[in-house]
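Engineer: My structure is below; once you've seen it, I'll send some questions.
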Amino acid sequence: MGDMDPWLLVTIVVGFAMAWAIGANDAANSMSTAVGAGAITPKQAVLIAGVLEFTGAYFFGKSVTETIRKGIIYPDKITEPSVLIYGSVAALLAATVWLIIATKFGLPVSTTHSIIGGIVGYGIVYAGLSIVNWGKMAQVVLSWILSPIVGAVMAYLVFKALTRSIFMSGDPVKNARLWSPLWVGLAFVVIGTMFYIKVLHGKDLKAGVLLCGIPAGFVVFLITYTLIRLRFPISDPYIGVESIFRRVQVVTSGYVALAHGANDVANAIGPVAAVYAVASMGLSGMKVPVPRWILAMGGLGIAVGVATYGYRVMETVGKKITELTNTRGFTIDFSAATVVLVASWLGMPISTTHTVVGAVIGIGLARGVKAINKDIVRDIIISWFVTVPVAAVISAVIFRVLMLVG
């Protein structure tokens, strides 16, 4: 264990940096629509996101994590513990560098794709192209294409249905009172089910719907219906509906932050847990136990990242792509959560980041092509396609250096 101790310390430091970068880029997505729509201020957003991201990571993060994310390379080809250690450091550092660069320019990229690129980079340097599971890589590439398209189509259709059911009718006031609680309740059926699967790590979709989805949706429907009748009598349907969805959007965005912390913390702590297992217990393989202090480190890093640098990506997603209102922001959260839930159920590869951005674009398209900032969209799409290769190249260089000096 003695020779490994310095590398464990290095991995912990780099893992914390990766968690910080995840918070600054990916976690900022959770609150971007709420900020863009004016439901909460940026300061409120970073506070809420920071607390919920840490809560999700520490209390709901998996106690066992993958050493090699998504099985993207074949672990049986890595026969030396030192290779796993050097590779973990290289992958983490490469993903961190790329995330910081992307965040500097306000570009929302996938942290999962970043760490996958880092793993592929060191894997190819060590064992050649044969180490890569190209079937899994094809799924990653497919997710680049599927996620934004499905997110955009879903948001477009949901927004059209929502506006038609409430605003574009003979009696907007009556329809606002009827349809607003139904839309909000439906959203919480999805969110409750997602909570069961993504946060509580349940496996059975039907159980999630019955135990969490339907009860949550029904309770929220009753609360929303009662509030509309008692506290928000709608004289101006537009103002009244927006005030309802403003409050709901804070909750939906908060859920996204909680779920993100529970799931994506693995991108930062997986390699750290792998090195810790090798250094302290001599364990290796595809899955290793995660000590609570590593979960805490990951959660803290994400929370600090949101608080200190998350505003750049929040501004891009929430304000620069298209103009958002509370109903539009709600539609984005609802659509993205629905797409991710269905994709998880079908076993389809999907990127939450790409889905959210696609949903924002879909909302803009619902108002016409001119409502979209095409320059920003172009830059975001380019950043998505270069994420894996850039992270792979950086990781390959770092790994080669570590192998030479290690």
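Every residue gets a Cβ built from N, Cα and C, even glycine.
Note that the structure is predicted; figures quoted are calculated from it, not measured.
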Engineer: Among 234-250, 251-267, 353-369, where does TrEMBL put the label transmembrane segment?
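Structural biologist: Comparing 234-250, 251-267, 353-369 with TrEMBL, transmembrane segment matches 353-369.
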Engineer: Could you tell me what the rest of the chain brings near the transmembrane segment (290-309), counting residues at least six beyond its ends with Cβ under 8 Å?
Structural biologist: 12, 15-25, 27-28, 31, 46-47, 49-51, 53-58, 61-65, 103, 261, 264-265, 268-269, 272-273, 276
Engineer: Same-chain Cβ contacts of the transmembrane segment (353-369) under 8 Å, 6 or more residues past its ends?
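Structural biologist: 26, 29, 32-33, 108-111, 143-144, 147-156, 159-160, 317, 321-322, 324, 328, 331-332, 335-336, 339-340, 377, 380, 384.
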Engineer: Return the stretch with the most CB pairs under 8 A relative to the transmembrane segment (209-228), choosing among 7-24, 179-197, 381-403.
Structural biologist: 179-197
